[in-house]
């Protein structure tokens with residue numbers, strides 16, 4: 001399958017200009033196995049190919065993040081068993097859930113600048129290797145305190161998401177980056193659902209041969225080993241950019257003095273932190289992906305407690321919520337790209353607001369439905385919209401700042417886990433939580449947060465209500481940063497004419 005950018009019935013994008021001065025020291029892209037732009041980034045998306053470094057990076061990125069989601073959410077489906085064995089109270093379980101999100105807040109913030117420094121490939125592999133022992137140590141917990149600590153450190157692995165999105169933005173051009181980001185993250189997020197489905201089965205299978213209190217501990221060997229294997233694959237077969245790895249590329253260039261390197265890094269960091277659009281996207285992601293994380297964490301227990309289904313059935317229902325990511329989040333990225341090609345940045349923002357608003361209303365409805373099958377049906381539709389909203393958000397992220405892409409991606413990704421922590425603490429903490437009411441309130445918060453889309457404005461491309469500024473050519477930060485490293489990097493030739501990629 002090949003998905004390329006275009007306008008109407010125009011052909012696949014081709015680049016007509018010679019590479020800028022920045023690329024004269026890098027290898028030529030004339031022999032690329034896929035159509036590329038002047039930076040070597042693919043202008044088509046081929047998810048079922050391994051022939052190009054772009055496709056290999058895609059598969060390694062989603063598989064690595066898949067293993068991290070699998071590890072992080074391998075614990076919730078076994079909580080009824082773990083709680084019984086360790087004597088965990090409802091408040092301890094809730095605190096552990098909050099801790100798993102809190103751990104990824106700081107790691108996601110750090111991951112963005114780390115990708116800017118050493119590249120997404122090495123950053124992703126290092127994080128996976130460092131957090132694999134944390135999930136393995138679940139087998140050693142013996143008290144509520146140790147259980148909370150383990151979930152805190154396992155949550156660090158979710159920062160792999162930032163490396164995933166950074167990697168895709170480095171490999172794919174603006175006309176397909178929303179789709180590439182959506183599919184990569186969407187397929188990876190399915191790991192949360194697969195773990196909900198497989199961990200109860202793995203536990204019950206092991207329990208046929210070992211005591212019950214040992215079986216759940218042995219079960220966590222699998223996610224730890226899986227995470228290590230994916231990290232090794234990333235190191236062996238991945239590369240940071242279309243032409244090389246970040247470290248190797250840097251050796252081929254004249255190095256600036258240490259002081260200039262430090263100054264450049266600080267400037268990149270401050271540019272990202274100072275862009276108000278990054279903060280709004282972080283808020284929006286907090287009430288799309290953050291809501292999704294919260295739902296992943298509590299939905300199995302919700303159906304187990306409210307409707308009296310057994311452990312395997314509850315895990316299957318919860319798995320169906322996360323597994324829809326295989327299509328829904330990529331669909332969000334695709335919708336963002338389609339709307340961007342037809343209506344520009346305004347189309348991307350309108351699509352984001354509509355989809356996230358509907359997600360909030362469906363979440364509100366989920367807490368009001370009193371039948372088992374009615375709740376399952378609403379949950380399925382809700383999962384499609386809330387996950388698609390995440391894809392739409394990361395269809396906008398690459399356009400905020402090219403220079404500070406890692407920082408902006410890290411801020412947005414951290415916003416997702418901050419939203420999950422806030423929602424968990426406000427609505428799902430304590431011993432006497434009414435989950436039906438909490439779910440409805442979570443939906444209301446999502447709807448209100450979606451209104452912040454109206455505040456996002458790009459002087460060059462406009463916003464949800466306003467068109468481009470007449471003075472955008474000189475003052476737009478996003479335009480300046482998009483053009484810093486390559487004069488025509490934010491433009492492509494479509495049927496012989498130039499137009500901005502939005």
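Even glycines carry a Cβ here, placed using N, Cα and C.
Predicted automatically and left uncurated, TrEMBL annotations should be read as such.
Model confidence over the domain 'Major facilitator superfamily (MFS) profile' (57-461) is summarised by a mean pLDDT of 87. According to TrEMBL, the domain 'Major facilitator superfamily (MFS) profile' annotation covers 57-461.
Outside the transmembrane segment (57-79) by six or more residues, the chain places 47, 50, 88, 93, 96-97, 100, 120-121, 124-125, 127-128, 131-132, 135, 138, 151, 154-155, 157-158, 160-161, 163-164, 167-168, 171, 180, 183-185, 187-192, 194-196, 199-200, 203, 216, 219-220, 222-224, 226-227, 229-231, 233-234, 237-239, 296-298, 300-301, 311, 314-315, 318, 322 with a CB less than 8 A from a CB of the stretch. The transmembrane segment annotation in TrEMBL covers 57-79 (among others).
Sequence annotations record features per position, and here TrEMBL assigns transmembrane segment to 86-110 (among others).
The transmembrane segment annotation in TrEMBL covers 122-141 (among others).
Residues or ranges marked as transmembrane segment by TrEMBL: 148-167 (among others). Below 8 angstroms of C-beta separation, residues 57, 61-62, 64-65, 68-69, 71-72, 75, 92, 95-97, 99-104, 106-108, 110-112, 115, 120-121, 123-124, 127-128, 130-131, 134-135, 137-138, 141, 181, 184-185, 188, 227, 240, 394, 397, 405-406, 409-410, 413, 416-417 of the same chain, each at least six residues beyond the ends of the transmembrane segment (148-167), sit close to that stretch.
Under the heading transmembrane segment, TrEMBL lists 218-237 (among others).
Listed as Cβ neighbours of the transmembrane segment (347-366) (distance under 8 Å, sequence separation of 6 or more from its ends, same chain) are residues 178, 284, 287-288, 291, 332, 335-336, 339-340, 375, 378-379, 381-382, 385-386, 388-389, 392-393, 395-396, 439-440, 442-451, 453-454, 456, 463-464, 502. Marked as transmembrane segment by TrEMBL: 347-366 (among others).
Residues 165, 169, 174, 177-178, 181-182, 185-186, 189, 275, 277-278, 281, 284-285, 288-289, 291-292, 295, 299, 317, 320-322, 324-325, 327-337, 340, 345, 348-349, 351-352, 355-356, 358-359, 362-363, 365-366, 369, 408-409, 412, 416, 446, 450, 456, 458, 461, 478, 482, 502 of the same chain sit 6 or more residues outside the transmembrane segment (378-400) yet have a Cβ under 8 Å from a Cβ within it. Feature annotation from TrEMBL assigns transmembrane segment to 378-400 (among others).
Sequence annotations record features per position, and here TrEMBL assigns transmembrane segment to 406-427 (among others).
Residues or ranges marked as transmembrane segment in TrEMBL: 439-458 (among others).
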